[in-house]
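K.L.:
For reference, the structure I am asking about is given below.
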């Protein structure tokens, strides 16, 4: 008996060992490519900045972290709130939130339209939605610039129609960044929404109408609750890259309207403040994590607690 | 309630429903007219694709007729959307809301009608009792069995007290025993609520046992409307006679028609009395039907003669298939008794005696 149990235990241990061995390559990649660099960043954020960029190795400093929110007055050396950083942080959060809401508003009817087409035409519509992905983000952003700049399509058309006399200043405003982000991230909202709507049983919609629910009530009480997983997935997929957007605010927002991505780039580039750049990067990651946690908790609570 | 003169709950007037256009044009319903009385258990019976579900969907408001009018208690409802019609549906797949509990499902219609909370709760409790589901009010619809889902679907559709309840093959997903149980349950519910039921099925036995009246449909048309007895014993057309129950088709000539009864001369030259379907036009050959239980196999004599081909024992009765001298096979159903066999062997000569009121002449 005892020997049999022992052999079984040995066999099990052997199996566990082999399983670890087989997953070693994957683990190495995860550590070297994903977790390792995070620790490097974390370490850099706690070091003093070098005079020409980089960091002073081994010199511990909290300056990187304090300057995320505060700045030292150059005359009397007192700490004050870093207004510029706060406004960039606020702009990032605000624009990412608006982008998520707008892509949801435009994406929802789009996904609904596609999922109500006959099966063979659905694939064509999904394919059309993904076409913008074939073009580089940089080029798509410049294309957007062509549309909204002072001599661009929109302004030329509006002037020609006599609606305005002078071109609207859209470029280098938050509106330009928002337009760019909504355009670029819309497919990321449409695709997960479509995936959940495709599974929606439209007989439930008919049952709703049959039970005296108006179109709006069917939308709120039946369709939205049932496609909620898609709404959550789409919102996460749009909100996270929006928060870290770099190319779009750089081109459409100009130098003045920065978002977090641009601020980080600035610190590693001409700002020559790597510890600050590292600290902001980690802050950004923490914000994304918080956003994810809030969503996940919300999703599980409303999913299980309904009854 | 019963001494009030029956008036029409639903009146369908010359309704057509065309899908597609050009070469793909398909008439799911072709100028259909039917009147369904109040408090009636009315069945639309037919094979799949006959248009019965389409007609139900037009009454519910999920589709709109291409032509014609639909009246509910005399009011034209054809242009109304489904949420403005006092009509509820029990769907074939039940279509229960998976994100709501049993009680929330049942209360949904009342909630949408803007009823006060106390009234909704009282009505939901009443409905749960009616379908005997009190214990499961808080369950999710995914946590209950098919039969229970069926009851919830019924309770949900009955809760808003519709003027007409539409049932789209609601029993087809249930196993045999549960289906029998639910048939009785449905009859009880219809009796207790006094609501007009319009029931769609392709199961002729279900239609015969449950309905007050049946409309037999085929290829977008209603062929015959009548009580189960009418439909079974006095089918007007070949399709109806063939679709419902087993039938022997004979050819012959008919004359001497008076008061819906005539003399039918069979292939053997013998004349028998037969009831005549409405709309029959005597022009040469006529189709005469005889149900297997309305005929008897006899050793000698009878109206037709032939040779016993097969004998099939069914427990309650025995089917004897006789190859007639004219060439067709005629089936006779005989009640079994414990002490005697049917009295025939394969290959025996047999005569067929048709009961005095056993023959019916079809109009086509």
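Placed from the backbone N, Cα and C atoms, the Cβ positions cover glycine too.
A TrEMBL annotation is a machine prediction, not a hand-curated record.
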K.L.:
I'm validating the feature mapping. Which of A:152-174, A:175-197 is tagged transmembrane segment in TrEMBL?
P.N.:
A:175-197
K.L.:
Which range is it, out of A:74-94, A:95-115, that shows up in TrEMBL as transmembrane segment?
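P.N.:
Among A:74-94, A:95-115, the range TrEMBL annotates as transmembrane segment is A:95-115.
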K.L.:
Report, as numbers and ranges, every residue of the chain located at least six residues beyond the transmembrane segment (A:95-115) whose Cβ falls under 8 Å of a Cβ in that stretch; write 'none' if there are none.
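P.N.:
Residues 122, 125-126, 129, 174, 177-178, 181-182, 185-186, 188-190, 193-194, 197-198, 200, 223, 230-231, 234-235, 238-239, 242-243, 245, 259 contact the transmembrane segment (A:95-115) from elsewhere in the chain.
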